[in-house]
C-alpha cells in the first residue's frame with residue numbers, strides 16, 4: 001500500500017550538516033543521537049578521539065542500511081523484528097529512521113500496530129533499555145523535578161498514557177509505554193518532527209489487570225488503579241509541569257486512556273492547553289477522510305450517508321461528532337445530521353428508554369426505537385446504513401450475514417473495521433471483499449494482505465489508522481504555534497487529505513507520498529487564512545513552503561568536524577614602520 005511513496009533519502013557522503021559537539025571519545029559513540037557507527041570519517045575519528053575504536057573501514061549510511069535491512073529480512077517473527085528495530089534506535093537514531101522510512105509499508109506494522117500491541121503485553125519480558133519518562137502516583141508533588149531529569153530541553157510534543165485501554169487489549173498499566181514510544185517514532189518518520197523534540201510519558205497509577213499484578217516481571221506499581229481525587233490531581237500537576245517546563249504551546253497528546261477519563265480530560269484541558277486525544281479526534285479525522293474519499297466511488301455526498309457504529313465509546317463518539325460537523329458545514333442542521341448516525345454497543349442499539357443507562361456523551365445519538373432490534377444484523381436490516389464502522393475492540397462481529405446484508409443494501413457498501421490489533425478487527429479484508437464480490441470500500445485499523453477474488457482481481461485493503469493523521473496534525477500544530485486544538489483542525493485535516501491512507505481506500509492507484517511539504521503547506525495556510533484564530537507563529541513566514549522544509553528533520557548524518565576557516569588579509573607579524 002505504501003510502496004508508491006515518493007521518498008528521497010540521500011546518503012551522508014553527499015549531504016552533511018556541520019554540527020558542533022562537545023562530546024568526544026566513546027560517549028560520542030554511545031549516544032544514539034550522535035553515533036554514526038562506521039560512517040565516522042577518518043578526520044572525525046582522529047579529531048574526536050575515536051580512532052581505533054572502530055574497524056578501519058569507513059562506510060556510507062547506504063551500506064549500513066543495507067546490512068540492517070538484510071538482517072531484518074532473515075527474521076519472520078514480528079516481535080523479534082520489533083526488538084531488533086528498537087535496538088537500532090537505541091544505538092543509531094538516524095540509521096533507525098532511514099531503515100524505517102525506506103520500507104515503511106513493511107515496518108510500520110512492526111513499530112506500530114499490530115506488533116506494538118504484542119510488544120506492550122511482553123514489555124517486561126523483552127525490556128532492554130528504558131525509553132521515555134515514567135511518572136507514578138507516588139511521585140505526586142515532584143513531577144516538575146522529574147521533568148528536569150529528562151535530558152532534552154527543547155521538547156515540542158508529548159505523548160502520554162496511563163495504560164488503562166491499550167488498543168483493544170485493555171489495561172496494561174505501565175506496559176503501555178510502548179504506545180507513546182511507537183507513536184513518536186511515527187511523528188518523526190511520517191512528519192519529520194525532530195526526535196529530540198518528542199517526549200513519551202507513562203503515568204503509572206496502578207493496574208486492574210490481575211495477570212500483571214501476579215507477574216514477577218511486571219515493572220509498574222503492584223497496586224489497583226487509583227481512581228480517587230489523587231489521580232485527577234496527579235494529571236493536573238503533570239499538565240502544569242509540562243507547560244511550566246517547555247512552554248504553553250507544547251503539544252500534549254493523550255493516548256489510550258479509559259473512555260470516561262478520555263472524555264473528561266479532553267473537555268477539561270482543551271481550552272487551557274495545546275492538547276488533543278488521538279483515540280477520539282485522530283480516529284475521527286481518519287474515518288471522516290475515508291468517507292469523503294469514498295464519495296468518488298459511491299457518488300453520494302457526506303449528507304446522504306447513514307452510518308451505523310458497532311461500539312459507542314470514545315472512538316465512535318469522536319467519529320460521529322466530526323461527521324456531524326462535516327454535514328453541518330454542508331448545510332444540514334445538527335439535529336438532522338445526528339439522525340443519520342446510529343450506535344450499537346454491548347447492550348444493544350442506543351435508543352430512548354432502553355434498560356441500560358446512557359452516557360452523557362452519547363445523548364446526542366440516542367434515537368426513538370426503530371423496531372425489534374436484538375442483534376447488530378437486525379440493526380443493519382432495519383436502519384439500512386450506507387456505512388458500518390467498527391470500533392468495538394470485540395473481534396469478528398461483522399459476521400458473514402452482516403457483510404452480505406450490507407452488500408444487498410448498497411452497490412458500494414462502506415465497511416470500516418477499525419479496531420486494533422488485527423485480531424480485534426470486526427472482520428477480515430477477505431470476508432469483506434469476497435462476500436460483496438469486491439464491491440465494498442474497506443478499511444481496517446491494522447493492515448491486511450491483498451485479497452485475490454475469483455474473477456482474478458487483486459484488491460489491496462485500505463488502512464484507516466490514526467497513524468495517518470496524528471503526525472501531520474502534530475507537525476501543523478508545531479509549525480503554526482497553535483495554543484489550543486479545536487475539532488476544526490481535525491475536520492480541516494480530513495478535508496485537505498492530510499492523511500494518506502484515504503487514497504488507497506478507493507483503489508484507484510493514485511500516486512501519493514508521506515505528508516509532503518506541499519500538503520503540509522496547504523494545511524498550514526488554511527489554519528492561518530481561514531481565520532480559525534489558532535495560528536500564533538509571529539512573524540508569519542513569508543515563504544511558507546521554505547519554512548516547512550526548514551523545520552522538517554532529515555536522516556542524513558551530521559559532520560562533527562569543527563568549522564575551520566582562514567582570516568584573509570590578516571598578518572601575524574608585528575607591524576614595521
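Glycine residues also receive a Cβ, built from the backbone N, Cα and C atoms like all the rest.
Per TrEMBL, the features are:
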ACT_SITE  112  active site, proton donor
ACT_SITE  183  active site, proton acceptor
BINDING   165, 420, 465  (S)-malate binding site
BINDING   255, 256, 279  divalent metal cation binding site
DOMAIN    89-270  domain 'Malic enzyme N-terminal'
DOMAIN    280-521  domain 'Malic enzyme NAD-binding'
Proximal but sequence-remote residues of the same chain as residue 165 ((S)-malate binding site) (Cβ under 8 Å, at least 6 apart):
171, 256, 257, 258, 259, 262, 279
Cα-Cα distance linking the residue listed as 'active site, proton acceptor' and residue 420 ((S)-malate binding site), given in Å to the nearest integer:
14
In angstrom units, rounded to an integer, how far apart are the Cα atoms of the residue listed as 'active site, proton donor' and the residue listed as 'active site, proton acceptor'?
7
Other same-chain residues whose Cβ falls within 8 Å of the Cβ centroid of 255, 256, 279, the recorded divalent metal cation site, in sequence order:
161, 165, 166, 179, 254, 257, 262, 277, 278
With the (S)-malate site defined by the record as 165, 420, 465, how many Å span the farthest pair of C-alpha atoms?
17
Whole-number Å value for how far residue 255 (divalent metal cation binding site) lies from the residue listed as 'active site, proton acceptor' (Cα to Cα):
9
Provide, as an integer number of angstrom, the distance between the C-alpha atoms of residue 465 ((S)-malate binding site) and residue 255 (divalent metal cation binding site).
14
Stretch-averaged pLDDT - the domain 'Malic enzyme N-terminal' (89-270):
95
Return the count of C-beta atoms lying within 10 angstroms of the C-beta of residue 420 ((S)-malate binding site), excluding that atom itself.
24
